[in-house]
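Data first, discussion second: the structure below is written as structure tokens.
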Amino acid sequence: MNKRKILVPLGDKSYEVTLEAGILNNISEELLKIGITKNRKILVISNEEISNLYGEKFLNNLKDNKFQAKMVLIKAGESYKNLKTLSEIYDVAFEFGLDRNSIIIALGGGIVGDVSGFAAATWLRGIEYIQIPTTLLSMVDSSVGGKTGVNHPKGKNLIGAFNQPKAVFIDPETLKSLPKREFSAGMAEVIKYGVIRDKELFKYLEIEKNKNELINLKNEYLIKIINSSIKTKSHIVSQDEHENGVRAILNYGHSFGHVIENLCGYGKFLHGEAISIGMNIAGKIAIEKGLWSKEELERQKILLESYDLPTEIPKINKEDVLTILMGDKKVRDGKMRFILPKEIGAVDIYDDVEDSLFLKFFS
């Protein structure tokens, strides 16, 4: 049996991530197992692309099992992860009569999950929600850990809340319909876990046979890397739910990744692609500070590129880079903090990086 369960231990906010091929087809059964009783109202938040693939079957499964279910579709893309979209969800929630006993289900990628989680955190001061991620990036990263929110014109995820889901259900079968570029973008986050905490995962990803099986979307191989990634994230989140300390290492590559997304315009690079470039920049800074070797930087670069991820730094204005970085959530007391690698499998947080050390990488 290829069903995996991973506990995210957070006291009274603990929940399980269930990972199984085909679980989407038995969603009502899974909801009943975690205590979601029949006749409860369920608002499913998704987007048009995912709805066309799974929406009708998913809703019918819920309704056939006596759940009161309705679906609301939000527009795909980072530019729609905003307060206007949130307000549209509230309108539907009001019309549907979503009460405190109701539940929201996020069926989609990271944007759907982030917006749904924040809608759940704020509707009637908080109702339960469930994550059902359908992209690799959301499976291994954003669906676990409780970070929810929307963007503001001044920056990504500036409006949000920590809101842990009631459960997460992951079906690797949904990756079969994912565009190849989106799959590669998700691999950036998987490789990130290898660099920050799991050198065995990193080595596994370097093996040619594994690489081919992953690119060909073989469930057994997908389940292994998703399981490893979530275990790492779960362990870190359980130590530091609200990112006051060690959880910041999950942002390896993200500070510069957000700079690139912002300054190149949301949409030019997928999130995972920007993170890949950000990891390359962080790796270069680590060389400058004598933290790790050129060989390790090269291993990281080769691995990223082998999954069709970009590593080349785009041409952007140095002054703009500093402006965006100073608005980063990891800034403490006016000091920028960077996650830098010490070796494959270990990183640390540094607040003593001179501007000149990284600005030279931007033209």
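A Cβ is built for glycine as well, from the same backbone N, Cα and C atoms used for every other residue.
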- prompt: The Zn(2+) site in Swiss-Prot includes His254, His271. Which of Glu189, Glu200, Glu319, Glu343 is also listed there?
  reply: Glu189
Message: For Lys156 (NAD(+) binding site), which of the listed binding-site residues (Glu189, His254, His271) have their CA atom within 10 A of its CA?
response: none
- line: Taking only the CA atoms, the spacing between Glu189 (Zn(2+) binding site) and Thr135 (NAD(+) binding site), expressed in whole angstrom, is 12
Rounded distance in angstrom between the Cα atoms of His271 (Zn(2+) binding site) and Lys147 (NAD(+) binding site): 16
